[in-house]
Structure formats: structure tokens, C-alpha cells
Amino acid sequence: MKTLYSLRRFYHVETLFNGTLALTGRDQETTGFAWWAGNARLINLSGKLLGAHVAHAGLIVFWAGAMNLFEVAHFVPEKPMYEQGLILLPHLATLGWGVGPGGEVIDTFPYFVSGVLHLISSAVLGFGGIYHALLGPETLEESFPFFGYVWKDRNKMTTILGIHLILLGIGSFLLVFKAFYFGGIYDTWAPGGGDVRKITNFTLSPSILFGYLLKSPFGGEGWIVSVDDLEDIIGGHVWLGSICILGGIWHILTKPFAWARRALVWSGEAYLSYSLGALAVFGFIACCFVWFNNTAYPSEFYGPTGPEASQAQAFTFLVRDQRLGANVGSAQGPTGLGKYLMRSPTGEVIFGGETMRFWDLRAPWLEPLRGPNGLDLSRLKKDIQPWQERRSAEYMTHAPLGSLNSVGGVATEINAVNYVSPRSWLATSHFVLGFFLFVGHLWHAGRARAAAAGFEKGIDRDFEPVLSMTPLN
């Protein structure tokens, strides 16, 4: 098969220490990449690259299954999931498996089944990966032209894009079917403190759903992260799945327009950079969602959000001091503002103290106490239920903040209490991974553009400064 790049471009990359270490079609001389450059050696070997991707999928699914079973084996039903460092079981619980009213786990068998199914799937993928990496054809173009490709073939590339979009659309509809047909999903807003329910009346209004995209990302607006009812979330997945599937069909049936052929770089490394950029965006959005959103990520499973823990603390002390005789409506704090209650910039009654910064929090345990103008004083005096007190005290002591002292007015625990919220883990990991993916996007985009423009040189090894330096030994 014709090599798409001049091999001279790659000779600056690295020199093998062991010149005898050669795999046909995968050594430095034929590919221009040394062994440590990984899949770059397979740029023009579609069969072997397929093996690498299938094996990688097998590793991912194996982790999911093994970690799932590990969490099931360590799970203690009497403790909340977020106290046990779990990150997979909360996702399964959110999908409505094994939980009942209030997010209580009533059956762990579905979690076990999930783990075993993923392990079995990973074995199939692992076998496929090994087969295509070692035994299958090196290139697919001759034997299986439908699965073969040339990176420069714009029409084939958009067809592959279309297939991917259809698969993403099907994935989106799987959530819709789970919520609508197969038992429903967990709704933290269900009356009485959350329950599993079928989502039958989902929102399909484009003005509501696309309105989220047009909202400001700041404050109480919160862009798409501000979604707070499952009808909107499932309706959004109906729209998203439909757009992905229709877009996929469009990309399969059409060829790229002239402006797209001119504007985009059409090479393997360019596609890698586009993909990394998309994944970086996904990572940053997921970070914000798991940190701020308590509807898609219910606090019963993931622990409270930062604002939620802070508001829960203010509520807990309001309840305590009100019982001790404080007049919470008029008590003044050290700054002259209300100690327990004050007014927001737009006039609503909100909690006073440092938690004022989180006044736009919405949480299922707090909303019943609001009236048309914010917190309702008469409800705070007469209508607080024991479950609201219990939940706020629990959330107050489980803030997703890794600190030894008070942060934002929230009392965090001493170091002996070994607690890190899954929200902290998931938000931090997705931000860091998203950032690295973004750097990778910039790196590969720069290389792809340079290669397309024909000026990528690399380091000239003949005049490298280290060659003129004294040997270390």
C-alpha cells in the first residue's frame, strides 16, 4: 500500500537501541516510528490498527467489569455509597438498578450481573484484539474493502464518521429506553426523598432544551449543567440521539463539500487531534456536571455538591438554634447581615453567613421550604420534616472538599476521618484528563498542520547540543 508520508520526515524520531528487534511492517525502517511510538507504527496497517483498538476496548471493558465486581465485594449496604469510595455502583444506582425509595440499596444482584457481563464481553474483545494484532490480515483494503480505508480518502472518512455518529445515537436512545420502558431511573426529586420512576412525559420542546445551550455558564444560569429535572434530561437524549443518527446517515450518504475539503486537514494525525479535542470538551463538561449537578448525579449516591453541603450546614444550625429559642428571622450576624436568613441581590430570602454565595442552590431536601420569594419563614418555623434534618446533617458532614480547615464556611473533618467524596474524585479526574487530552489535541493538531504544509523538520540529530557534551560517566 502506498505510504502517505515521506519516510524521511520520521527519521529524526528515535534510533532503536537494538537494531535486530524488528517485526515485519512494524519496525522503524518501514514505519518511521520506533517501538515506543505505539500505534503510530500501524498508521498504514489497517488490520493491525484494528487489533490495537479492539484490544484497547477489551482493556477498558475489563476494567469496568473487574472494578464493578470489586465494588460489589466491598459494598456495605448500611453505609451510603459516597462514604465507601464507590464510583461505578452510583452510576448503576442512578440508572435505577437495585435501589428503592430514598436511594436505599435493596438488591446488589444487578450490580453483580453488570460486572460479570462486562468481564465476559472483555474476554471476547481481548480475543478479537489478539487475533487481529497477531493472526489477522495486516491490511483490510484487499480482503475486506468495506472495512479498509486510506486516510486521505475524504469520502471514506466521512462514512466512518457517520457510522460512529449512529452508534452514539443508539447509545443515547438506550438511556431513553431504560427510563421509558425498562423500569425507569432514579429521580432524586421524587416526593418524600427520591425514588425510581419511569420517565413517560419527557420534554421535547426545542425552545426549552436548546434554551439550555443559550444560557450563561455563570451563577444561577449554569448553561446545560443547570438541568434539574429528568424529563428534560431524557428529552435531551431523544433529541441528541435523533440528531446523531440523522447526522450519521447524512455523512454516510454524502461527500464532503468543497469548503470542508479545503478547510480541514485530511490525515490520520489530524483525525486524532479532532478526536482528542472532542474528548477534552467531554471531560470538561463531565467535570462541571458531576461537581454541580445533583439531578443527573444524585446526592444520595455521589454525596452532596459543594454548595449543597454548605447550605445544609446553614440549615442544620438554623434548625438547632431555632429549637433553642433563636428568632431566625431577625437575628443579626457579626457583619450586620442576617445570621440565619438574609436577602439575595434579587430580593429572595436566602440562608445567611458564608453560604450566601451558594444562594442559587436547588436541592430536593430544601425546595419544599421555599415560597414565591425564596425561603418561607413560616415553613421554616412549622414545616421542617425529620427526613430533611437528617439529610442536611448528613450532607453537612460529607462536603466534597479536601481540606483540614473550614472552606467556604463548611466544617470539614479532621484528617483521621478518611473521607473523600466521589464528586471530588470524578470532577478532578475528568478535569485533569480533559486537560491532558486538550494538550494532546494542540500537539497533534500542530504536527498535522505542519505535515500538511510540508515544513515539519524535527530536531536535526547531527547538530544536537548533547553530542558535543562530555559523557556522564
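A Cβ is built for glycine as well, from the same backbone N, Cα and C atoms used for every other residue.
Remember, it's a predicted structure, so these values are computed and weren't measured experimentally.
Listed in Swiss-Prot:
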- THR15: N-acetylthreonine (MOD_RES)
- THR15: phosphothreonine (MOD_RES)
- 69-93: transmembrane segment (TRANSMEM)
- 134-155: transmembrane segment (TRANSMEM)
- 178-200: transmembrane segment (TRANSMEM)
- 255-275: transmembrane segment (TRANSMEM)
- 291-312: transmembrane segment (TRANSMEM)
- GLU367: [CaMn4O5] cluster binding site (BINDING)
- 447-471: transmembrane segment (TRANSMEM)
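There are 11 other CB atoms within 10 A of the CB of GLU367 ([CaMn4O5] cluster binding site), with all protein chains counted. Taking pairs at least six residues apart, the transmembrane segment (291-312) and the transmembrane segment (134-155) share fewer than three Cβ pairs below 8 Å and do not count as touching. Under the criterion of 3 or more C-beta pairs below 8 Å, with sequence separation of 6 or more, the transmembrane segment (255-275) and the transmembrane segment (69-93) do not qualify as touching, having fewer than 3 such pairs. Long-range contacts of the transmembrane segment (178-200) within the same chain: residues 93-97, 99-103, 228-231, 234, 294-295, 298-301, 364-365, 387, 391, each at least 6 residues beyond the stretch ends and with a Cβ under 8 Å from a Cβ of the stretch.
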